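I have placed the structure first, in the form of structure tokens, so that the comments after it can refer back to it.
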Amino acid sequence: MYNNTNEGNSTANNTIKCNNGWRYFKEPGEFTASMEFDLVCDNAWVVPLVGTFLMIGLMLGSIMGGYVSDRFGRKVASLAGMVALTVSSLLMAFTPVWIGIHLMTLVQSFANIVRIAFGMVLINEICPNKYRHRISVSNILLSSVGAAFLPLFAFCFRNWRYMTGAIGIVQIFALLPAIFVLEESPRWLCQNGKDKQYKRLLHKAVQVNKNKLNETEMSELENKRLQVSEEAGEKDTNKEKLSYLHLIKIPFLRKRIIIFSLAWLSVCSSFYGLSLNANNLKGNRYLVFLCVSGAETPGHILSMLTIQKIGCRLTFVIFNTITGCFLLITPLLQSVNNVAVIACNVVGKLFASGCFSLLYAFTGDLFPTLLRSQSYGACSFVARISGGLVPFLLYLGITLHESIPYLVLGVISVASAFAVYFLPETKSQPLPDSLEDARLQSRYNQRIACHR
């Protein structure tokens, strides 16, 4: 506020801190964390820091979750993530200080990436090749449906503590059935020599499906199990343990992990950039956020339908190129029509959402079983580095020029679409179990012909 003082014959208008607190312009019943902890003026930097803590949690969850998933199993990683997510959501509703929001956000994001990414690995490993991508995208689709309900939660629970607590209670209803229904990945059991658990799971699948396997089918499954167990035994004898380092040491895996990392980086930046930027758009914030988040559902559906026709690789190239184009043309419309700006954000979020669900389905297709979770973890880790910088990129858009975020995100999206074009196509192909299986997929690489 102004401090008007008389110095001699002149009047100096100086600003001083608001020592008497603040009054907030708010809607009836509205009570946000920024209001409760006075995160304004000199403390305004705390607000974008939440987004950075969110990305740090996603980074840590990506790396540590990948190890836990490959070491202790997909089921253990998924359930542990769901439990941590539920507990942290409930604890956030009772935090007495603003740093508690940041810490619980970190735990939530850590648990959420473990639950989603390595639950996706489990889905890919238990589903038939024909339905694998369809079911994977459907799983992400349901997550977007939940995100579309978030504006409704915010509208009904205007107090941020009530809203956070309500979300935690919803998590409990998702956790309880998963504890009793979720089973381990049979591929993981085979690769790790868990013969008893594998046989038990096989017989349970036969009973649940009310199916009968003849002696020939049982013999084929047993031979497959023995073959995988022998390969795993040879690796143990040679002390060869596949780890994150193999993603860099082996040339064809290094190429794939670099391209996928760039793809994850671009999609994560665009997805979270458009999501977090929704509050900066003009108009009713509930309706704007509903439009932007509601675009995720048709994006996932469109992605699922397109994958069935042309495969994951070309679908990503098309979708991410469209995302980049809409991001690049948005600055041209900012001074013309606000509705057009919101429309570009919605369309960009639609195709970015389709790319996000596609990457969860596509990434594991090009890596062997014992590196599948770690490939997800490595790509997600790189993506979250950029995601952690997105809030500050948006802050530059507010303080310097509002076109900066759109131009940066648009260029990265187009570049990653070009890179993914050179990956192998995996449509109707089985998941690779070994390094040799993954190497043979290079036969489906796309190359640019050079003519002399």
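In case you wondered, yes, glycine gets a Cβ from its N, Cα and C as well.
Those TrEMBL annotations? Automatic predictions, nothing curated.
What TrEMBL records for 1-428 is domain 'Major facilitator superfamily (MFS) profile'.
Within the chain, the transmembrane segment (45-67) has long-range Cβ neighbours (under 8 A, six or more residues past its boundaries) at 34, 37, 39, 77, 81, 98, 101-103, 105-114, 117-118, 244, 272, 276, 373-381, 383-385, 387-392, 394-395. Annotation source TrEMBL lists transmembrane segment at 45-67 (among others).
As annotated by TrEMBL, transmembrane segment applies to 79-99 (among others).
Sequence annotations record features per position, and here TrEMBL assigns transmembrane segment to 105-123 (among others).
Outside the transmembrane segment (135-154), and at least 6 residues removed from its termini, the chain residues within Cβ reach (under 8 Å) are 116, 119-120, 123-124, 127, 163, 166-167, 286-287, 289-290, 293-294, 296-297, 299-301, 303-304, 307, 353, 356-358, 360-361. The transmembrane segment annotation in TrEMBL covers 135-154 (among others).
Feature annotation from TrEMBL assigns transmembrane segment to 160-182 (among others).
The annotation transmembrane segment is assigned in TrEMBL to 257-274 (among others).
Taken from TrEMBL, the feature transmembrane segment applies to 314-333 (among others).
If one looks beyond the transmembrane segment (339-363) by at least 6 residues along the same chain, the residues whose Cβ comes under 8 Å of a Cβ in the stretch are 116-117, 120, 124, 132-133, 136-137, 139-141, 144, 260, 263-264, 267-268, 270-271, 274-275, 277-278, 281, 283, 288, 291-293, 295-300, 302-304, 306-307, 312-313, 315-316, 319-320, 322-323, 326-327, 329-330, 333, 375-376, 379, 413, 426. Taken from TrEMBL, the feature transmembrane segment covers 339-363 (among others).
Remote same-chain residues near the transmembrane segment (375-398) are listed as 48-52, 54-56, 58-59, 61-67, 69, 113, 117-118, 120-121, 244, 247, 256-257, 260-261, 263-265, 267-269, 272-273, 276-277, 280, 359-360, 363-364, 366-367, 404-406, 408-409 (criterion: CB distance under 8 Å, separation of at least six residues from the stretch ends). Taken from TrEMBL, the feature transmembrane segment covers 375-398 (among others).
Here the transmembrane segment (404-423) has Cβ contacts under 8 Å with residues 256, 259-260, 262-263, 265-267, 269-270, 273, 277, 313-314, 316-318, 320-321, 323-328, 330-331, 352, 366, 390, 393-394, 396-397, 445-447 of the same chain, all six or more residues outside its ends. TrEMBL lists 404-423 (among others) with the feature transmembrane segment.
When Cβ-Cβ distances under 8 Å to the transmembrane segment (257-274) are tallied for each of 79-99, 105-123, 160-182, 314-333, the top count falls to 314-333. Listed by sequence, the residues of this chain that lie at least six past the ends of the transmembrane segment (160-182) yet keep a Cβ under 8 A from its Cβ atoms are 31-33, 36, 75, 78-79, 82-83, 85-86, 89-90, 92-94, 122, 153-154.
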